[in-house]
Amino acid sequence: MGSTSSTLAKIPNAEDLMQETGFTPAHLVRLYDRFKVLDKDKKGFLTPQDFVAIKELAMNPICDRIIGAFFTSGGETLDFPSFVRILAHFRPIDKNRPKEPTSPDPINSRSNKLKFAFQLYDQDKDGKISRHELLQVLRAMLEKQVTEEQLESIADRTIQEADLDRDDAISFEEFRKSLEKVNIDHKMSIRFLR
Amino acid sequence: MTLLPRLSLALTLLVVFSELSQANILRSSSGSSSGSEGSPSTNVTSNSSTTITTLPIVTWKWHHVETPYLVALWVLVCWLCKLYHSVIFFSPKSGLLIICGFILGGIVWGADKAQTFKLEPRNFFYFLLPQIILDTGYFMPNKLFFSNLGAILVHAVIGTCWNAGAVGVSLWGCYLGGAMGDLNIGLLQFLLFGSLLAAVDPVAVIAVFEEVHVNEVLFIWVFGESLLNDGVTVVLYNVFDAFVSLGGSKINAGEIIKGIVSFFVVSFGGSLIGVAFAIIISLLTKYTGKVQIIEAGFIFVLGYLSYLTAEMLSLSAILSVTFCGVCCQKYVNANMDEKSVTAVRYAMKVFANGSETMIFVFLGVTAIDNVIWVWNTGFICLTILFAIVYRFIGVFTLTWMLNRYRLVPIEVIDQLVMSYGGLRGAVAYGLAASLDETRIKEKNLIISTTLIVVYFTVVIQGLTMKPLVKWLKVKRVEPTELKLIAKVNNRACEHILAAMEDIAGRIGDNWWTRGWKRFEDTYITWFLMKPEARKNKDYLFSIFHKLNLEDAVNYVAEGEKRGSLAFLRNGDRTNVDFDKKFGMEFSGVMPDITSELDYGIDNVPMTSIRRDSIPSVSLDIHEQDMKDMNEDFNAHHLLQQHLYRSRKNHRHKYSRSDFKINQSEDEVQEIFQRTMRSRLESFKSAKMGVSPAKKITKHPKPSQKVRAFRDFEFSEVDSAYSGDAAAAGGTGIENPAFMPEMDTPPPPWLTEVETDTSVAPSQRAQRQLPWSPTNLQRLTPLRISNRSTDSFVMADVPAAQDSPEEPPEDGSQQDGTHM
């Protein structure tokens with residue numbers, strides 16, 4: 001696969017990327033190779049069609065949302081730094097990081113992971129998961145046999161449990177609160193991206 | 001069959017059977033006595049020199065049929081034991097079979113005062129074991145197996161060596177410490193004993209893991225380990241056996257090095273033989289298109305030959321058969337006719353199941369024999385203790401090491417199940433029984449201990465596995481119940497992680513695997529597969545085919561209900577209400593184990609009920625009931641039941657007795673369909689602009705989606721096989737009965753979807769919408785296959801009046817997506 005350092009030289013702004021995302025050079029190189037494999041037409045950027053081409057992704061119930069998460073604000077191109085930034089969310093949380101109050105949270109902090117998940121549900125980006133959005137997510141993730149009534153009852157119950165300020169929607173804070181007992185690091189990290 | 005007839009049948013058989021065995025003894029004893037006395041007059045067996053005085057109408061020819069008769073009778077009795085399943089709820093079945101064996105052995109012993117029927121090592125290794133291993137190899141989930149091969153090998157090789165060494169050395173240490181009294185045994189013999197006891201047995205493991213549903217990674221690890229450790233077992237056994245004959249003094253570095261070399265030779269040699277036979281089988285099936293009846297038989301014969309060949313060369317026979325099955329399954333299934341494939345699958349299961357039953361019964365029968373039993377409390381108890389303890393240590397250590405390189409670590413509970421599931425079985429007994437008693441004086445002690453260990457693991461560990469797992473799962477649940485949003489999020493996170501793995505590329509998805517796939521696709525497939533089979537390999541095409549079959553079934557079902565506009569519910573709703581009804585009943589009965597890993601809860605009954613589309617008359621009443629239901633319980637329960645499983649939770653994909661165990665395949669289909677639908681939607685709306693126009697209020701979602709999906713599929717395959725597609729356009733079957741209900745339609749997916757499904761025409765009706773010319777896609781129907789089911793689809797396709805330039809454009813753009 002070529003030596004790490006020579007491939008690293010090919011990646012533009014490698015140093016900044018590593019600083020920002022926390023990936024090691026080896027990982028960055030690996031991801032760059034993967035980026036090039038996905039980019040079949042050698043355009044230099046990825047399009048949604050390239051993601052669609054990943055066969056296993058089609059078996060995922062929420063694949064469209066996930067692909068959408070890469071292409072924020074409706075753009076059709078994804079360059080390497082953005083690709084890496086999204087994947088950086090899934091690095092395991094670095095427990096030994098010293099807590100500097102002035103510097104911003106690293107991409108893979110717990111709250112940023114939660115934000116990423118939240119954005120998957122909140123498609124219209126208004127900061128709340130409305131009942132309608134929740135219904136859509138549930139519909140995607142539940143089997144075909146579930147009726148509309150059952151779906152709506154689940155959605156109602158979900159909002160009822162999590163909604164504290166009674167606005168019939170789940171804000172990010174309410175979302176975060178509902179998940180305080182969940183080990184997000186475990187649930188949203190990919191080991192080998194450490 | 002009720003209890004009484006069954007019991008009486010069994011009893012008659014047993015009586016007959018014991019009579020026969022007595023007759024057998026009589027014959028053989030009279031035969032031998034006559035032989036020794038040399039007096040022909042007492043010889044009642046036919047002796048051609050005996051003169052007859054009159055024509056006998058019927059003669060008793062027992063000796064002619066003795067051996068095959070006894071064999072067949074035993075097979076019958078063993079298989080009859082399986083009938084008692086439902087009578088005594090005993091899980092797993094292997095324990096029950098052993099106990100049946102005890103009973104039968106007792107009867108035989110009572111009749112003969114000696115155990116005439118034992119599990120002979122030779123019979124076991126040559127006639128009972130090969131088909132089981134062939135079955136496991138043939139049905140092995142290859143992708144899963146090879147992607148976990150590293151971990152499996154680590155466990156198989158290192159784990160088994162560790163077990164063998166540790167048990168042997170510890171026992172020797174205890175012996176020296178005097179815990180076992182006086183025995184004529186040395187370190188090498190202890191090591192030999194350790195090596196034959198170390199191996200986890202595939203037969204026993206399957207039997208137990210079928211009852212306890214575990215996730216696929218765990219399953220494949222234990223399963224794969226049980227198969228691959230044969231290489232190690234054979235080597236260790238032979239090496240220590242040879243060492244014992246050589247005597248302790250002659251063992252030097254040279255011998256040890258030879259031992260290590262023999263490990264590699266035996267394992268790789270065995271595997272290569274298996275692969276060679278797999279190639280032969282695949283090649284053969286390429287040319288047996290004309291002899292479809294017999295081609296199924298080739299697999300069995302060649303599989304058996306691979307076993308014997310490896311055995312002949314003193315290589316690992318189990319590895320040989322395993323790899324034979326593993327490598328040939330893909331090509332054989334592609335080359336052979338569908339009916340032959342089905343024949344092979346059923347026959348394999350029959351043989352494997354049958355053999356497994358017989359093995360367990362005989363394991364029980366063999367115990368009832370006072371000759372072999374040598375009881376040494378210290379030896380036996382210590383063996384059991386060490387076997388279990390070292391298994392736990394081995395598994396935990398190795399898994400800890402492996403977890404450092406894994407995407408998702410194997411949890412402690414899974415490790416516990418893995419350790420606890422390390423069952424020993426008949427292979428260990430077979431090896432013990434084939435020991436040479438001149439060299440190993442304590443052979444009987446070893447046999448007794450092995451039998452006790454086998455019974456302990458199979459019966460007791462097998463019995464307690466399921467309750468243990470349930471108890472552990474319950475313990476693991478957080479004390480405070482998770483909120484619904486948290487559960488939804490958990491599952492969503494699993495899906496996200498799986499997606500990210502796919503996007504970022506797993507560790508295994510690198511140059512190696514891609515290169516191998518390329519190599520395989522170009523050269524090997526060309527060599528081993530029939531040309532027609534190669535074309536049909538397309539994944540998408542097979543989905544298309546399945547959909548056609550589904551459509552055909554629906555079409556027929558619909559035709560039966562046609563003409564009745566009073567058909568108030570469409571098929572979907574009917575199904576689901578049925579589900580609700582049963583959801584209620586189940587909710588009371590099922591334990592509230594709120595688990596995401598779906599351990600012990602068996603969804604199968606629900607699924608099978610759901611598929612029935614028996615419309616229930618009192619649907620409205622049910623709905624009213626639902627509203628009064630305890631919503632709280634319902635929502636959590638519903639969620640737990642119906643969330644799509646992520647990769648982490650898929651059921652294991654192998655079962656000795658069941659074909660359709662892989663339910664996740666249906667889910668995958670569903671998900672795939674939906675994805676296609678929504679993609680098509682977004683794509684089309686982007687292309688054509690959203691035309692709000694008239695709302696068709698009577699569109700239940702699934703129908704239009706199915707339609708859209710099929711259209712989409714058309715375009716896919718169309719562009720891919722543009723050369724072959726004939727341009728025959730079919731006119732749709734205009735169904736006047738349903739037309740009046742439709743407004744003039746814009747393509748339905750562009751309208752807003754109404755969720756009002758109060759009065760809906762059937763699914764089928766939707767499909768017969770005449771499409772406007774602005775409507776896209778193909779409609780050049782597919783003429784690839786000549787399967788009759790396709791004709792249904794052809795008939796439904798509306799007239800092909802469309803702009804030809806659109807389809808290829810869409811098609812080609814989407815083309816790259818699914819190959």
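Just so it is clear, glycine is given a Cβ too, placed from its N, Cα and C backbone atoms.
If you check TrEMBL, you get these features:
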SIGNAL    B:1-23  signal peptide
REGION    B:27-49  region 'Disordered'
COMPBIAS  B:28-49  compositional bias 'Low complexity'
TRANSMEM  B:69-87  transmembrane segment
DOMAIN    B:80-471  domain 'Cation/H+ exchanger transmembrane'
TRANSMEM  B:94-111  transmembrane segment
TRANSMEM  B:123-140  transmembrane segment
TRANSMEM  B:152-173  transmembrane segment
TRANSMEM  B:185-209  transmembrane segment
TRANSMEM  B:218-240  transmembrane segment
TRANSMEM  B:260-284  transmembrane segment
TRANSMEM  B:313-334  transmembrane segment
TRANSMEM  B:346-368  transmembrane segment
TRANSMEM  B:374-400  transmembrane segment
TRANSMEM  B:445-465  transmembrane segment
REGION    B:723-819  region 'Disordered'
COMPBIAS  B:756-791  compositional bias 'Polar residues'
Report yes or no: does the transmembrane segment (B:94-111) come within contact of the transmembrane segment (B:260-284), defined as 3 or more CB pairs under 8 Å with a sequence separation of 6 or more? no
Counting only residues 6+ away from its ends, which parts of the chain sit with a Cβ under 8 Å from the transmembrane segment (B:445-465)? 90-92, 94-95, 98-99, 183, 193, 196-197, 204, 207-208, 211-212, 360, 363, 366-367, 372-376, 379-380, 383-384, 387, 417, 420-426, 428-429, 432-433, 435
Are the transmembrane segment (B:185-209) and the transmembrane segment (B:346-368) near each other by the rule of at least 3 C-beta pairs under 8 angstroms (pairs 6 or more apart)? yes
Considering only Cβ pairs under 8 Å, which range in B:123-140, B:185-209, B:218-240, B:260-284, B:374-400 makes the most contacts with the transmembrane segment (B:152-173)? B:185-209
